[in-house]
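J.: My questions will all concern the structure given below.
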Amino acid sequence: MARRSQGTKLHLAVLCLVVSCHAIGLSDLMERASQRSDKLHSLSTSLTKDLDSHFPPMGRVMMPRPSMCHTSSLQTPKDKEQALKVSENELISLARYLLLAWNDPLLLLSSEAPTLPHTPSNGDISSKIRELQDYSKSLGDGLDIMVNKMGPSSQYISSIPFKGGDLGNDKTSRLINFHFLMSCFRRDSHKIDSFLKVLRCRATNMRPETC
């Protein structure tokens, strides 16, 4: 019941965001999006740390390299200095592109979390995955509104294919692949958060070095 109440409140907040965002300025929209992306990255970091505490040493050796993340082919700025050189339209398109790429993987993580092996706090993990989905949806809705305000040059978007339909058959593979996907998401949520913070700085005319 508590979970349903929390989900209802967030859903209502999203509806209010969608309705009210059409009437407010771009800088305020940037601020709201930045707050949501910050929460998204904070949640993914917390969840990754939870998994780390239950991850066997051998699993770290067996876990795929970051270059195996399904979004690794997307060319993005590597740091803040590079992001500051990218146009506003391109940055918001990259943020939306990355966010959209995680719709299916987050569904997979949500379905696997309740029966994840070797993790006594499955309920907490499942709850945080659902929160990630909620905040991802909320942020995506906000970015769509921002794009409409910024013009047609920001509106093209396609999805990055995700081919991982399952996490494996044995317990070790499932845990390793779950942890790997979460590590990839944490990396991408950091990128999204960084891009939106740069956009927020530009919208409020802050000096680049303070972004």
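Placed from the backbone N, Cα and C atoms, the Cβ positions cover glycine too.
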J.: Do you know which of C16, C21, C69 Swiss-Prot records in a disulfide with C184?
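T.: Record-based pairing for C184: C69.
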J.: For C184 (disulfide bond), which residues of its chain lie six or more apart in sequence with Cβ-Cβ distance below 8 Å?
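T.: When sequence neighbours closer than 6 are ignored, C184 (disulfide bond) has P66, C69, H70, T71, P105 within Cβ distance under 8 Å.
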J.: Let me check the 10 A CB neighbour count of C69 (disulfide bond). How many other CB atoms are there?
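T.: Within a 10 Å radius of the Cβ of C69 (disulfide bond) lie 20 other Cβ atoms.
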J.: Taking DSSP three-state, what's C69 (disulfide bond) in: helix, strand or coil?
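T.: Reduced to three states, the DSSP call for C69 (disulfide bond) is coil.
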